[in-house]
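Below is one structure, written out as structure tokens, with a few remarks after it.
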Amino acid sequence: MQNLNKTEKTFFGQPRGLLTLFQTEFWERFSYYGMRAILVYYLYALTTADNAGLGLPKAQAMAIVSIYGALVYLSTIVGGWVADRLLGASRTIFLGGILITLGHVALATPFGLSSLFVALFLIILGTGMLKPNISNMVGHLYSKDDSRRDTGFNIFVVGINMGSLIAPLIVGTVGQGVNYHLGFSLAAIGMIFALFAYWYGRLRHFPEIGREPSNPMDAKAKRNFIITLTIVLIVALIGFFLIYQASPANFINNFINVLSIIGIVVPIIYFVMMFTSKKVESDERRKLTAYIPLFLSAIVFWAIEEQSSTIIAVWGESRSNLNPTWFGFTFHIDPSWYQLLNPLFIVLLSPIFVRIWNKLGDRQPSTIVKFGLGLMLTGASYLIMTLPGLLNGTSGRASALWLVLMFAVQMAGELLVSPVGLSVSTKLAPVAFQSQMMAMWFLADSTSQAINAQITPIFKAATEVHFFAITGIIGIIVGIILLIIKKPILKLMGDVR
């Protein structure tokens, strides 16, 4: 950890290294959300269209995007482990950035499904290496008693939201309006900017932070790791081949099914590992039990929220009025632009929630109440999406304002769940499993998208109203259940609120 002189040259009163990490994450999120804004459209756009895509069925395209999201969050476990045991955070971040860049370059090439799967593999692995470690690097810029720490993280989050906000406008406009591969090229350029900002800034401002692994492997452990990794890769390749041989025509669907199972099983293994560990005390085991309903609730929340890049993206392209007339002026909307509504409402609503919590102080709702209310709002956002179909049927086009309203309500729900969930994950973590509990929070998102890979193909015009209604009601019911069982959960949580 770096000891910083508060009189040195700063970035908004913060360590200069924060500017480097701010810029790196800004451009990384720009590339990630820019690519994600057009990915599903590229997958199902006709191969004969002027702006040709891969021509996959919409159901399969949505499943691929979902499983991609699941694996991105699953890979954060690998990224954290590589930084802690092998390379150190600094080199892991840079290597991750290189892999992401190569992935976007692969997407920019017109080689069909082959380049798609190579690209997604590289981006998944690279994001897993970069995402968890760059947040840890922010923390290492400060001493434990530095009062600037929380403000520094807030500034860092602003960089994330800024990159997420402008990406759909730039990458989406070029990708959908001109050429998908050109859009992916812009995402690659964004990652090149991220790499340059990180490489240059790290050398100048924090050359020693994260340089070495915090828990390095000895020679014997490295040898065992190489042997294990080799075996895993061989088994994976054999499994890949067997899945293909079983049914070449259904290979993609079968592969998605296998990955969905992995995404669901991994968190179960993690929970069993922690519950059965001799390093976990009885009091910690009670707190871990309290985390289970929160984890399951988080899966429901993220399952709805993450459908913005699949179901909501498809609805926006096929069902919303893309040429609305407002105040006498006719506008054109690229469907990918809807993806900016998520970060936009996060930016707009965050100060309101911060002010409310500051005003309430110790009187603010408990974690369980916030979770429950957040889930109810998230479920309500999908009930809103039933109204266009109920009022005017599902064959025509509806106002884009339905999506604006849906995102506004859903992001209010996210601000009640996401920051609280991240915080409570650390508070309820057993001492011996602090980092693993942070991974568990990411795994909730991973599991939700693994489930989405199975349920999003159900969505079509004929099922639109029922899908939104059932999914929304599930979210509301889970929120209500949390409020009902609040007392026993709080009892298990002990002094954590």
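Each residue, glycine too, has its Cβ placed from N, Cα and C.
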Check your understanding: Pick from 336-354, 469-487: which stretch is listed in Swiss-Prot under transmembrane segment?
Key -> 336-354
Study note, to complete from the structure: When Swiss-Prot is consulted, the range among 2-20, 116-134 described as transmembrane segment turns out to be 116-134
Check your understanding: Same side of the membrane or not: does Swiss-Prot put Val314 with Ala398?
Key -> yes
Review point. Which of 65-83, 225-243, 426-444 shares the most C-beta pairs under 8 angstroms with the transmembrane segment (37-55)?
Key: 65-83
Review point. For the transmembrane segment (65-83), what are the same-chain contacts with Cβ under 8 Å, counting residues 6+ beyond its ends?
Key: 36, 39-40, 43, 89, 92-93, 96, 120, 123-125, 127-133, 136, 210, 213-214, 256, 259-260, 262-263, 266, 306, 309-310, 435, 438-439, 442-443, 445-450, 452-453, 456
Study note, to complete from the structure: Of the listed stretches 116-134, 155-173, 225-243, 336-354, the one with the highest count of C-beta pairs below 8 angstroms to the transmembrane segment (294-312) is 336-354
Check your understanding: Do the transmembrane segment (93-111) and the transmembrane segment (182-200) come together with 3 or more C-beta pairs under 8 Å, pairs six or more apart in sequence?
Key -> yes
Check your understanding: Short question: which residues 6 or more past the ends of the transmembrane segment (225-243) have a Cβ under 8 Å from it?
Key -> 85, 217, 251, 254-255, 258
**Study point:** Annotated stretches the transmembrane segment (155-173) and the transmembrane segment (116-134) touching (3 or more Cβ pairs under 8 Å)
**Key:** no
